[in-house]
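J.: The annotation transmembrane segment is assigned in TrEMBL to 17-35, 98-122, 134-152, 164-181, 233-251, 289-307, 319-340, 352-372, 393-413.
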Amino acid sequence: MDFWHDTGMQKRWRRRFLAAVLVLLLPAIVLAFYARPSADDYVYAARTHAVVQQYGFDLMRLLQAAWETTVYYFNHWQGLYVSGFVLALQPGIFGNQWYGLTFVCVLLPLFLCLYAGARLVVRRLEPAQKYLPLALAVLLLFAFVQGMPAPVEGLYWFNGAMNYQPYFALAVLNACLAFALADPGECARRRRVALVVGGIVSSLFIGGGHQVVGELNVLVLLLAVVLCARHRNFWNVPAFLAAVAGLAVNVTAPGTRVRADGFGGAGFLEAAVKSFVLAALEWVRWLDVPLLCLLLLLALPLCRLARSARVPDRMFRRPWLGLGGTFLLMWAMIFLPSYTMGGIGAGRLLNVVWMTFVLGLAVTEFLFFGWVERVRGHMLRNAERFLEKHGRYLPGLALAMLVCMACIGSHTVKEGQDNYFATSLEACYELASGEASRFAVALDAREAALSDPSQPDVAISPLGAEERPWLLFYTDVSVGPDLWGLTPYYGKDSVVVVERR
């Protein structure tokens, strides 16, 4: 029986696949309960935390405090006209026990955008495959969680993750909107207008996030505009102009200029060369077994989509452009912080570069299958028949590849981090060893001391080496005065960091 036309078989595969992914993600989900605030979480949320302490959950006052935070940082630190608002609402303002919601706050918009984007693409290429978008979205989400180079900054630390991940998710959705508008075909005019409005709104939101993701959005939409303009299709122009406007507001904000003065940027040529070398090194380090497993799991659906008559043959004539475009986007994302700040910066930026790399390779795989079958004329149906003939082995093989992705993980260009497992296996280790528990207990005790109204002056100590799990620990206070904004956050007269006894 043909899998693509057997609805019952597709439903069974979907149930098994979702169950396997949920089980493999369970350790990472459980670990989120031990996550605690850190660093800039306190700085951005000082006003909203004060509202919670004084009035409890008062939505209007919380929103007003978040808006005041946005305005302040827009003028004094960075032009994050959307992200500043979001960062002020970190879950820890209601108590440490709520901070684990960071995991949901990060993954929910990422999943929704991946699913919406997959629906747009599949609906255009293979409308009959109603179950495929969910499977693609879940698989990519699973790969992102397991292989993220700096998972603490992409999954468990609110300030780091929420300044990048939601806007990257919207950029992915925008790319899929651009694809849907590239050849609207028989699409009703009302639907086209809705897609355009969606692209405009997404671009404006992305512009209020981190500038690197805004740059990525601009470049992807620019490519869509150039390619479509050759066929007198200008439906992507409004979203592109909105992306440029949003990024311009961010870059020219008074706070961005203040922040830029605090960094020593590199020269243009130096930054360009270093970014090229670093992007090449990332390719070498990230081409590994988990990535191969992901591409194998994507092979059948991408091969099916590449046969769609809705895509012209000319689209597949140069599949190597997928690799070239991926490298160019990675280079541009690395170049911007290298030029303005002298280096790529934190791992949370590396996370979105890595996710761009993964999606770029998936697009290249799609182009490759189209090139093999529709340009070179080498049909792959015999390979599909072989797989159907041995179909009883495929569930076990697919599960083995998912387990591999959940154990080995991906690599990072930062030296010293290559010895860690994938997120789920590393989470199992940190839960079993007690590191996660010790981390949470120590920071809960610190919060209890800082929240005690009978102590106007508080002395705290840095965490010990055994209280710093890799997945949860981003950074900690240093001996000396309070540099984290704990004093205003908890309303103390003074907070000092002393050596641990």
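Cβ coordinates are placed from backbone N, Cα and C, and glycine is handled just like the others.
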J.: Taking the transmembrane segment (17-35) as reference, which of 98-122, 164-181, 289-307, 352-372 has the most Cβ pairs under 8 angstroms?
T.: 98-122
J.: Return yes if the transmembrane segment (164-181) and the transmembrane segment (319-340) have at least 3 CB pairs under 8 Å (sequence gap of 6 or more), otherwise no.
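T.: Contact between the transmembrane segment (319-340) and the transmembrane segment (164-181): absent, because fewer than 3 Cβ pairs are under 8 Å.
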J.: Let me spell it out: take the transmembrane segment (98-122), skip the flanking residues so only those 6+ beyond its ends count, and list any with a Cβ under 8 Å from a Cβ in it.
T.: 28-29, 32-37, 90-92, 129, 132-134, 136-138, 140-141, 144-145, 154-158, 161-162, 165-166, 168-170, 172-173, 175-177, 179-180, 305
